[in-house]
Amino acid sequence: MAGESRWQAGRPTTAQVGGWVLAHCQQRFLQDDNGLLFPREWLKRQELPLLAEHGVGHWQGEPVYVLELDEPIELPGMAWAPLRQFMLHGDFDQFCMLGYASQIGIWARHNRFCGNCGTRMQAQDHERVMQCPQCGLHQYPRLSPSMIVLVTRGDEVLLARSPRFVPGVYSTLAGFVEAGESVEQCVVREVREEVGVEVANLEYIGSQNWPFPHSLMLGFHAEYVSGEIVPQEDEIEDAQWFSLDALPPLPAQRSIARHLIDLYLARRSGAAEPVLPG
C-alpha cells in the first residue's frame, strides 16, 4: 500500500538467528557508510560491552534488534550519531525506529536490577516487561505524559525559550503531567507557572512520541484569558507575544511544537491544515 511505513514495532524473540541489529548507547547509534542496521550475527561477534539485547520490531519485514552497550566504544570505519540528528534530517520511518529502539535500550539499562530487592531482572517473552524472579516486581518501559500547548490571542501567539534551546529559537510551552491531575489541568497549571497567564477554551490537537528520552507529548491550543507575562525563573529565559506575520526562529518541522504553530497559522489564513508527523 502506498505510504505504508517500512517500520513496525514488535518483539521478535532473541532466540531466533539472523536479522538486523542497532547498536545503542546514551541516545547515540553506531553507523558506518552503509547505515545504522548491521547484520546481527556479525555485529554480535565483535568485542562489544553488551548490557542487553532486545527485539524491537521489523524493518521492511525483517526482524530488528537493539544492542544496549555499556559505553560507546570505537570500531574501525564506524562512528556514533546522536538520535536528534535523525529527527532533524532524513528518513522519518527510520527516526521512528531509532526512537523506539532508544527507549527500549534505556529501559533495559535502567532496569537490570530490581529496585525493590536488588536481584537481576529478567526479560519476559509474553510482553515487554522486566520481572524480578525473587520478589516479582514488574518494570515496563517508562512513558512520561507531557502537555504541550500553543497559547493564542487572535493574531498573536505566546512563545518562549528555555536556556537549553538552540540560540534564537522560540517554542510552545510544555510540561509533565503530575500525579493526580488531568492533562487539561496540567495545561492550565504549567502555563500559569511558566509565564504567569491564565488560559481557557482548550482544544486537544494530537499526540506525538518524543523519545528524549521517554515523553508522550499531548498537544493543545489554548486561548489567552488574562495576566501579564512573567517568565518562570530558571525555566524560561524569555517569553513574548509574537504576531503571526513576524515569528521568530521556530522548532524543527517534524516536532509537535512546530505542528501546533503551523496549524494555527493555517487556520487563521484559511490554508490547508498540515498533518501531524507520526
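In case you wondered, yes, glycine gets a Cβ from its N, Cα and C as well.
Copied over from Swiss-Prot:
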type	residues	note
BINDING	R84, E127, Y140, Q208, N209, W210, P211, F212, P213, H214, S215, A257	substrate binding site
BINDING	C114, C117, C132, C135	Zn(2+) binding site
BINDING	A174, E194, E235	divalent metal cation 1 binding site
BINDING	E190, E194, E235	divalent metal cation 3 binding site
MOTIF	175-196	motif 'Nudix box'
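A map of Swiss-Prot features onto the structure.
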{"residue": "R84", "record": "substrate binding site", "CB count, 10 Å": "14"}
{"residue": "C117", "record": "Zn(2+) binding site", "CB count, 10 Å": "11"}
{"residue": "C132", "record": "Zn(2+) binding site", "CB count, 10 Å": "20"}
{"residue": "A174", "record": "divalent metal cation 1 binding site", "CB count, 10 Å": "22"}
{"residue": "E190", "record": "divalent metal cation 3 binding site", "CB count, 10 Å": "23"}
{"residue": "E194", "record": "divalent metal cation 1 binding site", "CB count, 10 Å": "22"}
{"residue": "N209", "record": "substrate binding site", "CB count, 10 Å": "15"}
{"residue": "P211", "record": "substrate binding site", "CB count, 10 Å": "21"}
{"residue": "P213", "record": "substrate binding site", "CB count, 10 Å": "17"}
{"residue": "S215", "record": "substrate binding site", "CB count, 10 Å": "19"}
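Considering only the binding-site residues C114, C117, C132, A174, E190, E235, no residue lies within 10 A of Y140 (substrate binding site) on a C-alpha to C-alpha basis. Nearest by CA distance to C114 (Zn(2+) binding site), out of the binding-site residues R84, E190, E194, N209, is N209. Note: C135 (Zn(2+) binding site) has non-local neighbours C114, N116, C117, T119, i.e. same-chain residues 6+ apart with C-beta under 8 A of its own C-beta. Of all the binding-site residues listed (C114, Y140, E235), C114 sits in the most crowded Cβ setting, with the most other Cβ atoms within 10 Å. Considering only the binding-site residues C132, A174, E190, E194, E235, N209 (substrate binding site) has A174 as its nearest partner by CA-CA distance.
Each residue of the motif 'Nudix box' (175-196) gets a DSSP state, and the totals for helix, strand and coil are 13 helix, 2 strand, 7 coil. If you look at the motif 'Nudix box' (175-196), the same-chain residues 6 or more away from its ends with a CB under 8 A from one of its CBs are 144-147, 149, 151, 158, 160, 202, 215, 218, 220, 222, 227-232, 235-236, 239. The average per-residue pLDDT of the prediction over the motif 'Nudix box' (175-196) is 98, rounded to a whole number.
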